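K.L.:
Have a look at this one.
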């Protein structure tokens, strides 16, 4: 019989992930904070978070699947694009390399205090991106993103390994500083997130399989489905919000949350 408390927790964490994944405020950071405040910060929760993150990744894949098919040239009925697979590889390779190299050390950073500092640093970066962005866009289409731009975005994406910094915040902020149109920056950011989130979820699961219990699968599935459904329902609206809202607003929000963490803890 399913435990009601576990079901409620699974739903709460799933909703948090489904909403925060598409905003530059760090979904991982918010899940860590929620787990701590709900007093469920244990090994079992790590497995739950893996399933939940995978759910949001699938929603991104579903939402952008047509664009991804164009980029990968799997669909012969669509117009060919200039964005090659190499752009995606350059954008994700640095994070994969450092993520694997420092995997155990990175996991030691998964606590509320480190998230608090990362929220502040990420907030400062968002402010810098908005204040010092070029007055005119140099890149107005995802097909026009250069290999150099992809590589630079990939380098700054490394900061997302610090829980609480925000992967989308790092990539969107960097892209905007490089003169990439905001809507294009958002689109590219989430397309390159798919292999990273799915790969990280799989690798985390392999490393935490000893904590996996088949009896907990229904709870994990509930979290997965809640995350997927909420993400599907929210993604279009939230992406519009990012496109129309100054990054300064998200930076201020991050400062407020980090302040709450400090005073509550």
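One is the number of the first residue shown, and numbering goes on along the chain from there.
Here the Cβ of each residue, glycine as well, is placed from N, Cα and C on the backbone.
Got these off Swiss-Prot a minute ago, pasting:
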TRANSMEM  7-27  transmembrane segment
TRANSMEM  45-65  transmembrane segment
TRANSMEM  86-106  transmembrane segment
TRANSMEM  108-128  transmembrane segment
TRANSMEM  145-165  transmembrane segment
TRANSMEM  186-206  transmembrane segment
TRANSMEM  214-234  transmembrane segment
TRANSMEM  245-265  transmembrane segment
K.L.:
Do the transmembrane segment (45-65) and the transmembrane segment (186-206) share at least 3 Cβ pairs closer than 8 Å, excluding pairs fewer than 6 residues apart in sequence?
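P.N.:
Contact confirmed: at least 3 Cβ pairs fall under 8 Å.
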K.L.:
Restricting to the same chain and to residues at least six past its boundaries, which positions have a Cβ under 8 Å from a Cβ of the transmembrane segment (214-234)?
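P.N.:
Here the qualifying positions are 2-3, 6-7, 10-11, 13-15, 17-19, 21-22, 44, 47-48, 51-56, 58-60, 62-63.
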K.L.:
Take the transmembrane segment (108-128) and find every residue of the same chain, 6 or more past its ends, with a Cβ under 8 Å from one of its Cβ atoms.
P.N.:
24-26, 29, 32-33, 36, 159, 162-166, 169-170, 173, 177, 247-248, 250-255, 257-258, 261-262, 265
K.L.:
I'm a bit unsure how to read this: which one of 7-27, 145-165, 186-206 has the highest number of Cβ pairs shorter than 8 Å with the transmembrane segment (245-265)?
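P.N.:
Looking at each of 7-27, 145-165, 186-206 in turn, the most contacts to the transmembrane segment (245-265) are made by 7-27.
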